[in-house]
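**Student:** Quick one: structure below, then a few questions.
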Protein chains: 4
Amino acid sequence: MSDVKKVVLAYSGGLDTSVILKWLQDSYQCEVVTFTADIGQGEELEPAREKAGKFGVKEIFIDDLREEFVRDFVFPMFRANTVYEGEYLLGTSIARPLIAKRLIEIANLTGADAISHGATGKGNDQVRFELGAYALKPDIKIIAPWREWDLLSREKLLAYAEQHAIPVEMKHKAGGSPYSMDANLLHISYEGRALENPADEPEEDMWRWTVSPEQAPDAAEYVDLEFSHGDIVGINGQAMSAATVLAELNRLGGKHGIGRQDLVENRYVGMKSRGCYETPGGTIMLKAHRAIESITLDREVAHLKDDLMPRYASLIYNGYWWSPERTMLQTMIDASQASVNGWVRVKLYKGNVIVVGRDSETDSLFDSTIATFEDDAGAYNQADAGGFIKLNALRLRIAAKLKNRSSN
Amino acid sequence: MSDVKKVVLAYSGGLDTSVILKWLQDSYQCEVVTFTADIGQGEELEPAREKAGKFGVKEIFIDDLREEFVRDFVFPMFRANTVYEGEYLLGTSIARPLIAKRLIEIANLTGADAISHGATGKGNDQVRFELGAYALKPDIKIIAPWREWDLLSREKLLAYAEQHAIPVEMKHKAGGSPYSMDANLLHISYEGRALENPADEPEEDMWRWTVSPEQAPDAAEYVDLEFSHGDIVGINGQAMSAATVLAELNRLGGKHGIGRQDLVENRYVGMKSRGCYETPGGTIMLKAHRAIESITLDREVAHLKDDLMPRYASLIYNGYWWSPERTMLQTMIDASQASVNGWVRVKLYKGNVIVVGRDSETDSLFDSTIATFEDDAGAYNQADAGGFIKLNALRLRIAAKLKNRSSN
Amino acid sequence: MSDVKKVVLAYSGGLDTSVILKWLQDSYQCEVVTFTADIGQGEELEPAREKAGKFGVKEIFIDDLREEFVRDFVFPMFRANTVYEGEYLLGTSIARPLIAKRLIEIANLTGADAISHGATGKGNDQVRFELGAYALKPDIKIIAPWREWDLLSREKLLAYAEQHAIPVEMKHKAGGSPYSMDANLLHISYEGRALENPADEPEEDMWRWTVSPEQAPDAAEYVDLEFSHGDIVGINGQAMSAATVLAELNRLGGKHGIGRQDLVENRYVGMKSRGCYETPGGTIMLKAHRAIESITLDREVAHLKDDLMPRYASLIYNGYWWSPERTMLQTMIDASQASVNGWVRVKLYKGNVIVVGRDSETDSLFDSTIATFEDDAGAYNQADAGGFIKLNALRLRIAAKLKNRSSN
Amino acid sequence: MSDVKKVVLAYSGGLDTSVILKWLQDSYQCEVVTFTADIGQGEELEPAREKAGKFGVKEIFIDDLREEFVRDFVFPMFRANTVYEGEYLLGTSIARPLIAKRLIEIANLTGADAISHGATGKGNDQVRFELGAYALKPDIKIIAPWREWDLLSREKLLAYAEQHAIPVEMKHKAGGSPYSMDANLLHISYEGRALENPADEPEEDMWRWTVSPEQAPDAAEYVDLEFSHGDIVGINGQAMSAATVLAELNRLGGKHGIGRQDLVENRYVGMKSRGCYETPGGTIMLKAHRAIESITLDREVAHLKDDLMPRYASLIYNGYWWSPERTMLQTMIDASQASVNGWVRVKLYKGNVIVVGRDSETDSLFDSTIATFEDDAGAYNQADAGGFIKLNALRLRIAAKLKNRSSN
């Protein structure tokens, strides 16, 4: 074990990170600082304080990061209509860089020389935590217990807990959850165990944030969303903070059975993995954001964004939020949103998000006097299209003539 | 008027193309050949034959192109998960190159020196017809009456029809449809008039192919789709031809309220335009194709496809199906589909297409022995991740160190 | 002829634009304002004033735009290492948006309702002028005489000049230059006539700005270039303005036979065209800029720039400088240049620009303690590479195993 | 040490791989098979056979892979105009996948369960060898001694050699070459030691394959190159095999001082590295290939290739030749070359490769009757350009009008 004096641990208060806490104290003989964040996962944080105290932890950080999370991470990501591999809304990925940032801030505050996290050696989260940490503090030591210790099975972990008097909840003794879960204001995810065969449908009782479309209300609900610079700043006429917007959209989406996903995705570490996600508010945001962009963004700006979106999504998925290339793309994406102002009306009904109206008093590029099928009073000269087509066809015609000559 | 001897007209039998037929005969003093195709628009074709005959047309072509349409145009496009501007499934765009091809084939067969179509000078269809025609027969003359004549209002058109004894149906006299519509096996579209304000929700009675989600059955329906080389070749265990697959998926999707879209899109000719579409079968295909690819495609192959998809979609939207760059991309896309074999199970319910299972006996790259959260018997060495992260972080760390030095 | 009261003409004082001046006065019965710019083409401007006066022009604008040209157009373009189709440094393309901008400014100043230019209907320049003008003043009328009049042969043009007492220089009467030329501080171009067969080598006496490599000095010359934020701000230790930098690099490059190009390029209007160019200073700048970026830019930032460069180059080539998508890309490119500071030493010798040294005191990311082949004192752990390779290989191995199974 | 029975070693016969040979025998107690390839590095191979014999090696493979190297690796790469980071012609990168392939073939032939190579843990070559090997034989064991042993300094290596009676040439005792070198038919490279400071110019006596431009002949030499499907198949009228073409171009380029490069590049493992390269033949090929494409490729095909080239270059640089995404890109690139037939004339003079002519009897898309500045007899209607510009400007004008309204 390398020479570590003080380590900041991302601590949830659950079994795994409690075992890690103890293991760090024993293996590294170092002081442990715990950090627990509220990023909207919907769990109480105070028990984490109490538990950490029982392990003799003296520096305990418990932070409410919900506004920062949505304002500085979720919203910027949605400005790009970001989707990984055509489906995944990156709910887990986008929370990690914030945790990494806060871990480093606390290491700086407390004079710690290392950080630690509970992510396994097979997943993307270790990469996201560690790339972020290294980018922000290049000489930080990082302890990833799952890559170091020999507690690789659940039985060994439970035995270690028992041996070290770490309290184990009944559910863990009974075999634990059939899923590995993670949650924040953007989503809740399910992986592993019962989901390992992608040929099988998930059990209905797995889902926690949304009712099934079948159980959703029989009456549709219309919701008005106000956009400013690409972000939602109000719902149904009421201005709201970023985190409040997302919480309210989660409530609405959850109620109407919106935002469930069941996917097989490609991890950065090289394997395919099956994941199920509930992203009710994010699903509404994505649809609405595309709708407001459809009337306020120039065509080529929109296409440039679309062309680069998969790359931007991969950067976030792979853990490169704190990289210069992500910052560079963000600069461009943010610049494009200056005109993305207006409102979108969506209809929510049993799993569906249906855009039923969009307008922008200040920035609409939709000009019905030009697009009209009726007489346009000269706004558009149809004859121009002839020349437009002729020149766009020129290279095709030259090639076709050559081909005809060749075949004669 | 230039010197045209014989022109092949894309003839639907409706009012507009009947007026065009007459106008061509009068204005160009040329012979007209009519061509009417069944591409799944769901209208009888024989009345077109009769009407053309009444205008004295001697060469009348009526072709059933449904299989060719789905096999050679729709399916290749779906291999790329093609979506224009994040939403539009290109139902109109993909039919035009086939019509262009057939117009030119008939021009060659009949010795015609020109073709003609009924697309207006404001839309994309004129571009798609004409780029295709020029690419296939570079010296063809193209007559686009809407860009030439002075019948630009509905009143003038009706007056011309009356004057030349062209039969006008009651509905036209009563003001005509509140929408401009187009249909083929992939979709039906609505544009214009009642849809010109994108702030307003379309009337429910506009939609023709799908019931509303509210009216869809209360019971979900599970459907199994068999893929071969990226194309659906069987439904619920029954092998089917391409056009039959799409027709059956349209039936299923329509029944369950699937595939309505209400969009503002950017036309190639430079304006924004509001369009509503029903693509029931296509919506199911897209979702299912992504699902089968998720287990059978290599990650980087999938990402390369995703990166190029928007460009490929624009090529089709803009009318460049018959261009060398589309062909070049298609070569690559088709090559990627060799391994896209297996089945996908979808659940259809009130507007939702939910993937609930996917597998491939021959080509699955999903390896649960590696992804498992349980003991993997050494299939994956978690320690490898440390080196992986360290080297991926190296450039970020070097930059961070430089920055730290600079700020000291 | 549409109703035009006053038109601003981009006026060189040469034969073509003098004929246009007269033709505008006669055909449109409108007032003409002339605008002549010094963008480094190396011709005296005062004769243009005198000639315009003789035509009765009352508002004559003669502007020295050299600094603005290099600072706001050439330098921003070089920050992206911009090259069109692998070769062309865009010397003509980059000057047009400045002319368009100034034409519109003068139209606004003088209350003109139209602008006019002397570009032909076959080239890119008409597009560049007009797209710029429309983007800056959407209702401007644009008169492109070459697309309107019937003076399409040189004989007719000369006859018109004679008829209207427009002075014609001896060289024109004798048949004119065997090339169509254009020049500004970035380059001089040759097209047409004697160059129309791309199988033939240009005559040596065509080239005007550079000696041939054969005629260049036998002794090499070393030059030090100082970069700040991606732009050259000093040469051989002497700080210089943007235009002075480019003029001095032109002098050095011209002396050493640097920057000749002989190309076939693809025009936006659809045809291939042969062009010869001399870009002595630009050729040095491009090479040096890549060299300073090689030590100061992050790898992924550099690659992102490289991936987008061809698209950015096409935007400029096609005339979209004043488009929102060019602005959006520029925002990103400029942001990347914050760290591009330092110096580059080049050796100039008979057509060669050889980089022989580069360094940055403040921003070098080159770390010899890591790259060294010697002992690196632990700066890099070679064992990390094992894990790095293993995880990058994982997907390839899974696929290979599947393939092996299939073939058994 | 893991359980290895027989290992195939990429063996040059030099000091490093001789030490590795002995170290493998001692450390792994396994049988060693040696493989030495002629890929044009210009060294005799028979000494390697003799040396391997002295170590008791029973299975010795010595293969002439020059034709395969150029035909199946170099030429396909040049079809894409491949350049890494704007400068590097990938001379080292492109040879590695062939070595990997042959190592695996020999492992299969000899029943070996492992391969080994002499690449260090800091470079790209280890990645290229090992990704290739894993992709071709997923369960192969790979021994990379530089990542395992403790002979990390030159002193320790020499001591080991002395101790085990491995012959050490005088030059090594004297300190060894001041550069780490690598050569094959495409290039020779220099890295390390004397080159570690990128601010310093390399010594003239470092360069081995080319004379300096100063020492090159005072008379230029014209060379005609015949292309078929994008590959050079003849020089000055004489048909040649792939390897002969490259050897002859190396001779010509070397004679005329062509193809030296001095770069800082970004390694896949995360560091910047300075390298000098001589690629005389490749430099000529690249220039000539772009020239023949300029008249035979469609514009959009060429642009699509340009857009993807940096990605393709990175794949090769990073060692992904044997990946499905490289294969997929290659399929597209190769398809584009069907029309790349014709000839190019280049002038070689003191470091310069100047294209002075290009033509294609069968595939030229250059049409002088259209591009001409003279009367084109109606081949191109200049009026078409008006409509072309108007429609391309439409979105810019709509946006400008909105902006004008907003500022009022």
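Every residue gets a Cβ built from N, Cα and C, even glycine.
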**Student:** Where TrEMBL shows C:Ala10, C:Tyr11, C:Ser12, C:Gly13, C:Gly14, C:Leu15, C:Asp16, C:Thr17, C:Ser18, C:Ala37 binding ATP, which of C:Gly86, C:Gly91, C:Gly111, C:Gly118 is named for the same site?
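**Tutor:** Site partner of C:Ala10, C:Tyr11, C:Ser12, C:Gly13, C:Gly14, C:Leu15, C:Asp16, C:Thr17, C:Ser18, C:Ala37 for ATP, according to TrEMBL: C:Gly118.
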**Student:** According to TrEMBL, C:Tyr88, C:Ser93, C:Asn124, C:Arg128, C:Ser189, C:Glu265, C:Tyr277 bind L-citrulline; which one of C:Ser177, C:Ser180 is annotated to that same site?
**Tutor:** C:Ser180
**Student:** What is the interatomic distance between the Cα atoms of C:Ser18 (ATP binding site) and C:Ser180 (L-citrulline binding site), given in whole Å?
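**Tutor:** The separation of the Cα atoms works out to 16 Å.
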**Student:** To what whole number does the mean pLDDT across the domain 'Arginosuccinate synthase C-terminal' (C:179-398) round?
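**Tutor:** In the predicted model, the domain 'Arginosuccinate synthase C-terminal' (C:179-398) has a mean pLDDT of 96.
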**Student:** Can you name the binding-site residues among C:Ser12, C:Thr120, C:Asp125, C:Ser180, C:Glu265 whose Cβ is less than 8 Å from some Cβ in chain D?
**Tutor:** C:Thr120, C:Ser180, C:Glu265
**Student:** Quick check: of the binding-site residues listed here (C:Asn124, C:Glu265, C:Tyr277), which one has the Cα closest to that of C:Gly118 (ATP binding site)?
**Tutor:** C:Asn124
**Student:** Are there any residues at least 6 positions away along the chain from C:Thr120 (L-aspartate binding site) with a Cβ closer than 8 Å to its Cβ? List them or say none.
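**Tutor:** Same-chain residues close to C:Thr120 (L-aspartate binding site) (Cβ under 8 Å, separated by 6 or more) are C:Gln126, C:Trp146.
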**Student:** For C:Arg128 (L-citrulline binding site), list the number of other Cβ atoms lying within 10 Å of its Cβ atom.
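**Tutor:** Total other Cβ atoms inside 10 Å, all chains included: 29.
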**Student:** Using an 8 Å cut-off from the Cβ centroid of C:Thr120, C:Asn124, C:Asp125, can you name the remaining same-chain residues around the L-aspartate site, in sequence order?
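**Tutor:** These residues sit around the L-aspartate site: C:Ala119, C:Lys122, C:Gly123, C:Gln126, C:Val127, C:Arg128.
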**Student:** In sequence order, which same-chain residues at least six apart have a C-beta under 8 angstroms from C:Tyr88 (L-citrulline binding site)?
**Tutor:** C:Gln261, C:Leu263, C:Glu265, C:Gly275, C:Tyr277, C:Tyr317
**Student:** Given the ATP binding site residues C:Ala10, C:Tyr11, C:Ser12, C:Gly13, C:Gly14, C:Leu15, C:Asp16, C:Thr17, C:Ser18, C:Ala37, C:Gly118 in the record, what is the largest Cα to Cα distance, rounded to whole Å?
**Tutor:** 17
**Student:** About how far apart, in whole Å, are the alpha carbons (Cα) of C:Ser12 (ATP binding site) and C:Ser180 (L-citrulline binding site)?
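**Tutor:** Distance between the two Cα atoms comes out at 14 Å.
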**Student:** Are any of C:Ala10, C:Asp16, C:Asp125 (the binding-site residues) within 10 Å of C:Ser93 (L-citrulline binding site) when you go C-alpha to C-alpha, and if so which?
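**Tutor:** Checking each Cα against C:Ser93 (L-citrulline binding site), the hits are C:Asp125.
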